[in-house]
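Inspection log for the structure reproduced underneath, given as structure tokens.
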């Protein structure tokens, strides 16, 4: 009997030896699946919207046609501009001020003289029209975009749709130098892989040739939804997306909204998440023992001294932000009436956001990176469309809901992500910090040079990084 009990006990323990681990494995698997499923389904609600004038029509479907569009100008338009430039009222600058007080008025006089006597807007319109432009109506407003397909696709190469999104005070024109590098990489010495792109580049509603929203609360979420609808209307189910400045925020929201549609997200600016106690400790330790918290030497070089680079420099460059996030129409109406005021307001950003040291130069270093024709073409896009006020309102609509732009960071990004960190960007965000939001970083590149307007300033560097990122994603 004793032997029989021992046998039954042994059999029971044997069953437990199998059942307990199996049960644990099953429960663990279910828990892991639940957690991973939770990550997958935690997205930003797509919702819907209406931004047209008046109430949304109760009946009738929206016109989903895609209509060819061409930028045109008139003699009357140019004549009016010249008359306003002729009435420019000069304000003497403070001696030795360079760009420390904002746009140097003596250099502004030179810019205005060039604009009035040498700048050829008709010629620049021809440049702008070299790519196909279109309009389509989404949520009650006309959305402008350019759509550029490769002229030749080598055998065996895959063509991938790529959405490029600009920011403020830029425009779709920022991408004119990078588009040929992406659509015809081999012609420009970028034939490192087997990927070429067809590029879709929209204007944010309220910017350039996209109609301004007629209703309040048009933010980056609404923009992300509209751009998803645009890509879907063009027949794309999966696509790559890229952005800087507001474009980074919009494309990040797109990845958070419909991750199944985004094959990969590439950004050249990361919005900083809300500071936590852990982040503060990490920041303090990083200055002394960076290896302990996961900072690289390059992070240390770009991130410290912390107060100087992340507080004082940011405060010095963000006065415009407070105005635009609170009462944009007051200053905006003045800028919309004065081409000189508009140029000074916009071009000052192309100085110090390209390189902080440019504020020490009388000409703001503007012509060291760009030509006056390029800079004034971007200004003219704002001028001829009267879009400076709605573009400034975009700050109020976003910041009034989310004062530190961290609300959406609670929804993590799980799509493959590439980050190009340019050394002269307004703030540097180490990979360690970016991982708080972007959970699947495939590439993080410390770019050797360049600032905020990456595609406009360093198109080849940015194109190389996008191509290398997409190659890695395609190999996953």
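Just so you know, glycine gets a Cβ as well, placed from its N, Cα and C.
Within 10 Å of the Cβ of residue 245 (active site, nucleophile) there are 25 other Cβ atoms, across all protein chains. Residues annotated as active site, nucleophile in TrEMBL: 245.
Feature annotation from TrEMBL assigns active site, proton donor to 395. Sequence-distant neighbours of residue 395 (active site, proton donor) (same chain, 6+ apart, CB under 8 A from its CB) are 168, 321, 324, 325, 328.
For residue 452 (active site, proton acceptor), the number of other Cβ atoms no farther than 10 Å from its own Cβ, over all displayed protein chains, is 23. Per TrEMBL, active site, proton acceptor is recorded for 452.
What TrEMBL records for 66-175 is domain 'Epoxide hydrolase N-terminal'.
Annotated transmembrane segment per TrEMBL: 18-35, in sequence order.
Helix first, then strand, then coil: DSSP counts for the domain 'Epoxide hydrolase N-terminal' (66-175) stand at 37 helix, 26 strand, 47 coil. Mean pLDDT across the domain 'Epoxide hydrolase N-terminal' (66-175) comes to 96 in this model.
Taking CA atoms as the reference points, residue 245 (active site, nucleophile) and residue 452 (active site, proton acceptor) are 8 Å apart.
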